[in-house]
Amino acid sequence: MANQLDQKKKASLASRILVAAILLAVFIPCFVLGGYYWLGFVCLAFIIGVYEYVHCTQKGYSWWVYAIAYLLSGCTFLWFIFEGLATMDDFVLSAPLSGLSISPLWIGISLLSYFGLGLFDKKVGVDGVFYLFGMGLLVSLGMQALICVRLFPMSLDLQNHAPDFLYFGSAAYFIFVAIATIMNDTWAYFVGIFFGKHKMIPSVSPNKTWEGFFGGWILGGLTCFLFALLSDYFGYPILPGLVMFGEGNRFWAVLLLSFALPLIGNLGDLSFSLIKRHFGTKDYGTILRAHGGVLDRVDSFCFTMIFAAIVASLSTGNYAAWF
């Protein structure tokens, strides 16, 4: 028998819907316009996110710990801009986005800097060194991937200024990944509410059930695959290298990707939840009310967007960047 939707869950759902509506009012214009509007939106999310993962430890870190975290992770996040400015005479935001931009040298400097911080601040310690380094790298690359996946198609066709390409064609891949991530979470939430009986990993995520997990995975995968199918049919393949119709199509590759993304999103959600449980906190923040903090909303996206950015890079034959 389906579970009853009690008053507490109804209130939580109403709060979620209200906050989501406000977020969408800001998100949609920035996303549709792309470019520096989208960069600004993601930068704001990044600034809040860094504060949240440092504050999550509940160790009462001094201001300089936050400052160093912002400096090191901020440079990792914006490395593609530094790289573009250094190699291009006339910098174009989308031009250097052939994939994620990572500097092994800067990552090494970051790790050494955190070790130095651990030596001079007893509150940080060895655990803090690896936590701040690891979370900084994950959040930085996750936020960079949000920009990369939105602007990547523009880097393939910088001369195409047609409105349908700028505002939908270039965004189709991002929408595809977002649908996989959001609909997995949405379907899992509703299937879990009405049919969830068997707890999945209660020590990490008390409300997740196996019924919700499989419901979110299957229905989320089907939803995003349907979007890819319709988008391609009307002339907007999610990526030039992942065309679903005609000779040399990649129909099965898109199908596989559609069902892989929800699983990766679940891994991201559970990984961020594991960190919260480790520090004994329910949410990373309260800025989004019932939704928690920014990191509570982008946990799955950090994983799916990084994966999607790698897939996009590989779809152009850019294997040398990853192997």
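Going from the start of the chain as shown, residues are counted 1 onward.
Including glycine, each Cβ sits where the backbone N, Cα and C put it.
Automatic, uncurated: that is what TrEMBL annotation is.
Here's what TrEMBL has on this protein:
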- 12-29: transmembrane segment (TRANSMEM)
- 35-54: transmembrane segment (TRANSMEM)
- 61-82: transmembrane segment (TRANSMEM)
- 94-117: transmembrane segment (TRANSMEM)
- 129-153: transmembrane segment (TRANSMEM)
- 165-191: transmembrane segment (TRANSMEM)
- 212-231: transmembrane segment (TRANSMEM)
- 251-272: transmembrane segment (TRANSMEM)
- 301-322: transmembrane segment (TRANSMEM)
Item to complete: Six or more residues out from either end of the transmembrane segment (212-231), which same-chain residues have a Cβ under 8 Å from its Cβ atoms?
Response: 172, 175-177, 179-181, 183-193, 195-196, 200, 237-238, 244, 254-255, 258-259, 261-263, 265-266
Practice prompt. Six or more residues out from either end of the transmembrane segment (251-272), which same-chain residues have a Cβ under 8 Å from its Cβ atoms?
Written response: 177, 180-181, 183-185, 188, 201, 204-205, 208, 213, 216-217, 220-222, 224-225, 228, 232, 238, 242, 244-245, 284, 295-296, 299-304, 307-308, 311
